[in-house]
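Below you'll find the structure, written out as C-alpha cells, and then a few comments.
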Amino acid sequence: MSVEQVRGWIAQAKSIAVLTGAGMSAESGVPTFRDAQTGLWSKFRPEELATEEAFRARPQFVWDWYVMRREMMKGVQPNAGHVALAGYARRHPGRLALITQNVDGLHQLAGSPGVLALHGNIADDKWLDRPKACCTSNPPKEGRPPSCPVCGNLRRPAVVWFGEMLPMDALAAAEQAAETCGLMLVVGTSGVVYPAAGLARTAARHGRMVVVNPEPSDLDDAAHVVLRGTAAKLLPELLA
Ligand code: APR
C-alpha cells in the first residue's frame with residue numbers, strides 16, 4: 001500500500017484524526033523516550049522521575065530534570081511534519097482532530113488549532129497539592145522547585161506522570177474523534193502507553209488506521225496500513 005493510496009483514503013474520509021507521539025518531534029531534535037540509544041528512558045528511570053511519588057521523595061532531583069528538558073527545548077522548531085498538519089487544518093477547517101502525547105508544544109507552535117494534549121505541556125507548572133488561599137495570594141518562593149512561602153506547597157511540571165489521570169476534556173474529545181473519524185494517522189508512537197494507544201485501536205475498529213513509523217510499533221498489528229518512514233518526510237506527502 002503506497003502513500004498515494006493512503007492519500008486517497010484521506011480524501012474519502014468524512015473526517016480524519018491524527019495521534020502523535022515523541023517520534024513526531026524527533027526530526028526537530030527532541031529525544032524520544034524509548035529509542036534504545038538516544039531515548040530518555042535509556043538514560044533515566046521513569047519510575048525515578050515521572051511519578052508523583054518520585055517527585056514527593058526527591059523534588060529537587062525531579063525538578064532539575066525538567067529544567068534540563070526545558071533547556072533542551074529552547075530554540076527547537078516544528079519540523080515539516082508539524083507544519084504539514086497545521087497547513088492541512090488551515091485549508092480544511094474542522095476536518096482534522098489532532099491528538100498528541102507530546103508535551104513539547106511543537107504542534108501548537110506550528111499553528112495547529114485545538115490540539116488535544118493528552119499528557120500536558122512541559123512549559124507549564126501547577127501546584128502539587130490543591131492550592132490554598134496562601135498559595136494563590138503570594139508569589140511562589142524561588143527554589144528548585146518553587147513553593148508557597150506560607151504552607152510550602154510545591155510547584156510541579158504540568159505534565160501527566162505515570163499513574164495519573166489524563167485531562168478529562170481532552171481525553172473525552174480524543175475518544176469521540178477516534179470513534180467517529182473515517183481515518184486515523186498514528187505518527188511516531190511506540191503504542192505502549194495507554195489510554196493513548198487505545199485510541200488507535202478504537203479508530204481501527206470504527207474506520208481505517210494507518211501507522212507512520214520508521215520502526216515496528218506495538219500498533220502495527222491493528223493497522224490497516226503501516227508506512228515505514230518518518231513524520232517530517234511522509235506527512236507533507238500525505239497531506240499536500
Ligand atoms: N518519525 C516517525 N516516528 C519516529 C521517528 C520519526 N522521525 N523517530 C522515531 N520514531 C518512532 C520510534 O520508532 C518509536 O516507535 O517514534 C516512536 C517513539 O516512541 P516512544 O519513545 O515510546 O514515545 P511515545 O510513544 O510518544 O511514548 C508515549 O510514554 O514516556 C511516556 O508520557 C510519555 O508521551 C510519552 C508516552
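Each residue, glycine too, has its Cβ placed from N, Cα and C.
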Taking Ala84, Ala172, Ala231, Ala232 as the options, which does TrEMBL list with Gln101, Asn102, Val103, Asp104, Gly188, Thr189, Ser190, Asn213, Pro214, Glu215 at the NAD(+) site? Ala231
Can you tell me which of these recorded positions sit near ligand 1, meaning the Cβ is under 6 Å from at least one of its atoms: Arg69, Gln101, His119, Gly188, Ser190, Ala231? Gln101, His119, Gly188, Ser190, Ala231
Minimum Cα separation from Gln101 (NAD(+) binding site), reported as the residue among recorded positions Tyr66, Arg69, His119 that achieves it: His119
State the three-class DSSP label for Gly188 (NAD(+) binding site), counting H, G and I as helix, E and B as strand, and everything else as coil. coil
Tyr66 (substrate binding site) has its Cβ surrounded, within 10 angstroms, by a count of other Cβ atoms equal to 19
Determine, to the nearest whole angstrom, how far the Cα atom of Pro214 (NAD(+) binding site) is from the Cα atom of Arg69 (substrate binding site). 25
List every residue in the same chain as Ser190 (NAD(+) binding site), at least 6 positions away in sequence, whose Cβ is under 8 Å from its Cβ. Gly21, Phe33, Arg34, Ser217, Asp218
